[in-house]
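In TrEMBL this protein carries:
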TRANSMEM  106-125  transmembrane segment
DOMAIN    107-301  domain 'Cytochrome b561'
TRANSMEM  137-156  transmembrane segment
TRANSMEM  177-203  transmembrane segment
TRANSMEM  209-228  transmembrane segment
TRANSMEM  248-265  transmembrane segment
TRANSMEM  280-302  transmembrane segment
Amino acid sequence: MNISTSNDATSSVICTDYGSTTLKITSTLADGGNVTCTSDSAATASTTSTFGYQRLTSIKLSKPDTFIKTPGTKTVISTRFLKMTMDMKSNCADSDTKQSLINIEYFLNIINQICIGFTTIYMNWLCLSTGLTKTSLHAWLVTLGFSFLMAEAIMCHYKSNVLTCNFPRATKTTIHWVLQVLGGGLGITGTLVKCIQKGFLIVTVHGKLGFAALILCSISMISGLAALYSQKLKQFLSPLLNKTSHNLLGLITFVLALTAQYYGYETGFFVRKTTEDFRILMKFITLMTLILSSVGPLKSLYHKLMNVKKNYW
């Protein structure tokens, strides 16, 4: 017997807090009968309850004005039921994977904050206890400027930064430029102090990297001012290109500054005051800070470059 009216089926998908998944499809046929498909599975470990409803309509056969028969309807419902189950499992699994990656990034950011805090506290203690003169003044200023303030500044817009993740974008931007101005100012001052002491005689790897960081930091701060007023300057320079160049310059500056600090632990000031094992530890912590602090800016730079490619190539 053919069905003269179309069949509707309503499906519901429920992801519970404990990871079990329930999918139920009920179809009311023309003869008053019901077709119900129900399944429970442990498809995900989601912690968010989600309720979704989808409407399934009948399918016409090739013959005009003829609808599928009751057995066919049951088959279609079962097929769609299986497909929806697989799609639902895939979506829940993708969501769990993304959440796991986000949790890992939060954890790594906490580790990074500990590394930054340890370096800053130790260098403050070492430099202040020996008196802020000559090399100790230089080390104190560049550590506060580059390793602490600039590191925090470049992570302000990072979504997994535990210190700023809940702030609105406008607040993050304000914190970023305030920290960048303070950090850049201290870093440049500390580098100039040492250059003046040495008569600008730069021969070591540490000195060359530090001087390069000084130059790029100055340029980066100017580009940051342009990025801050990118909307007002858009008739001269695209905001996208403006912010992309600032992102790139700032990241290169930070990499040079932290690499210079890495080699700074090999200078006579640290050799005389610390043990070799402790210098190795400080190098490792500095590398950790460099890598983990660069994650956010690298992701931001990647997205900006993709937009540049999309809009200009």
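The backbone N, Cα and C atoms fix where each Cβ goes, glycine too.
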Task: Best-contacting stretch, by C-beta pairs under 8 Å, relative to the transmembrane segment (209-228) and drawn from 106-125, 137-156, 177-203, 248-265, 280-302 - done: 248-265
Task: Within-chain partners of the transmembrane segment (177-203) [C-beta distance under 8 Å, separation at least 6 from its ends] - done: 134-135, 137-142, 144-146, 148-150, 152-154, 156, 210-211, 213-214, 217-218, 220-221, 224, 228, 250, 257
